[in-house]
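As recorded in TrEMBL:
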{"type": "COMPBIAS", "residues": "249-259", "note": "compositional bias 'Polar residues'"}
{"type": "COMPBIAS", "residues": "409-418", "note": "compositional bias 'Low complexity'"}
{"type": "COMPBIAS", "residues": "421-432", "note": "compositional bias 'Basic and acidic residues'"}
{"type": "REGION", "residues": "247-267", "note": "region 'Disordered'"}
{"type": "REGION", "residues": "409-432", "note": "region 'Disordered'"}
{"type": "TRANSMEM", "residues": "114-135", "note": "transmembrane segment"}
{"type": "TRANSMEM", "residues": "147-164", "note": "transmembrane segment"}
{"type": "TRANSMEM", "residues": "296-321", "note": "transmembrane segment"}
{"type": "TRANSMEM", "residues": "333-351", "note": "transmembrane segment"}
Amino acid sequence: MATGLQLRNILQAASSSSVPRSVGRPRCSLHADGNRAKSGFSLQRMPIMANLEQLVMKEIDTAGASTIARKQTAASGVDDGDVVPKLYAVMEAAADRAQMHDIIGTQRNNWNHLLLNSLNAMTLTASVAAGLAAIPLAEGTPGHGAFKVSTLLYSAATVMLLVVNKIQPSQLAEEQRNAARLFRKLEKKIQTTLALGTGTPADVDDAVDRVLALDKAYPLALLPGMLEKFPKTVEPTVWWPKLGRQLRRQPSPQQTNATARKGAEGINGWSKGLEDVMTGVLGTLKKKDTDEYVKLGRLVLGINTAMAVAGPAITGLAAAGAGLMDSASLGEWPLMFAVVGGALATVVNSLEHGGQIGMIFELFRNCAGFYRQLEEEIEFNLEEADVKQRENGELFELRMALQLGRSPSELRTLSSSSPRKHGDAEHAGKLF
């Protein structure tokens, strides 16, 4: 830096001085009126020297700024040069995860269809076999061959139903579909950050945390690690990490007193009116959207639980009836259980797995999670006292409106009918 200052002084001295007179060189007139210069001709600053001075000064300023930036980076202990490669690495991992979930989701969706068709075929065949067992092959001779087949089919169907109802293939497929969508969304978010050139070490940490949170929310492994299909309490699915307050730069007390003021007008796109809008939307989300999907999830879970118990129970009774059909003391009851039980089990299995009740439960749980995420984002920004540390207010309003299927003007109208004021206010989300 000292060498640069010396060079700047030399250039300034050279540019301010005039060219010395040459002995014996004739004097020439520089003016049209014939007045002659008193002492030689004086040159103004030459263009080449002026341009050279500007280039050197620019280089010195750039070098100084780079030195300061390097010192700040070294003080913070973070090498900003690693941000872009790390973001690319996380983006590649997210794209790979999305492809993996796509493949496994297709596989588990096939499981649902194949197992459902197999179980229905087995129960219907066993029901027909049980009916045929009651028809004697000859006078006084029961059809023992058909009787043994129906018992075997019912027993196998009962065991398969226990396994299928435990893992819920349709729910597994929905988990993988949603995970693939969210991983692609994360991939696009990282691509946007790279395109804008605004990546920071905090963005890298946030992207890694989001990948790990998605891995936890939607595990690939079936056993162990599978999500509980019949939870005791229904909670919204959480596929995002805790919003990174610790990653944010904490303002100094002087900066907080000077520029941080909640509801500051015109700072970072925020205003008191926008805060009121977001507060109203937050109240609507909590009392309408999230709560409603949690209630629907509880209802569907109860129906799915009842069917998951009824299916194997009915099939087991049918198997017991098929095994006791030759008992004369029980009369026609075993035959009725064997025939009717098989048909009824087919109906229950078709409603549960053909109707994909497990998938519907997972869908409601994911919808509740979607609205819960919006709640946390709004709370996170409103709780940040330093307006400059929040997300840009106008961009945040637009993003919230689009995610709720509304325009910004509709979002402002919604906040005026918050459920705090009107119990029958409309829902915040219009997409689903």
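Count begins at 1; order follows the chain as displayed.
Placed from the backbone N, Cα and C atoms, the Cβ positions cover glycine too.
Any TrEMBL annotation is an automated prediction that lacks curation.
With DSSP states grouped into helix (H, G, I), strand (E, B) and coil, the compositional bias 'Low complexity' (409-418) comes out at 8 helix, 0 strand, 2 coil.
Long-range contacts of the transmembrane segment (296-321) within the same chain: residues 123, 126-127, 130, 151, 154-155, 157-158, 161-162, 165, 168, 230-231, 234, 333-338, 340-342, 344-345, 348-349, 351-352, 357-358, 360-361, 364-365, 368, each at least 6 residues beyond the stretch ends and with a Cβ under 8 Å from a Cβ of the stretch. Taking Cβ pairs closer than 8 Å, the transmembrane segment (333-351) reaches residues 116, 119-120, 123-124, 126-127, 130-131, 133-134, 150, 154, 157, 161, 307, 310-311, 314-315, 317-318, 320-325, 327, 357 in its own chain, all 6 or more past its ends. Listed as Cβ neighbours of the transmembrane segment (114-135) (distance under 8 Å, sequence separation of 6 or more from its ends, same chain) are residues 142-144, 146-147, 149-151, 153-154, 156-157, 160-161, 164, 169, 315, 318-319, 321-322, 325, 335, 338-343, 345-346, 349-350, 353-354.
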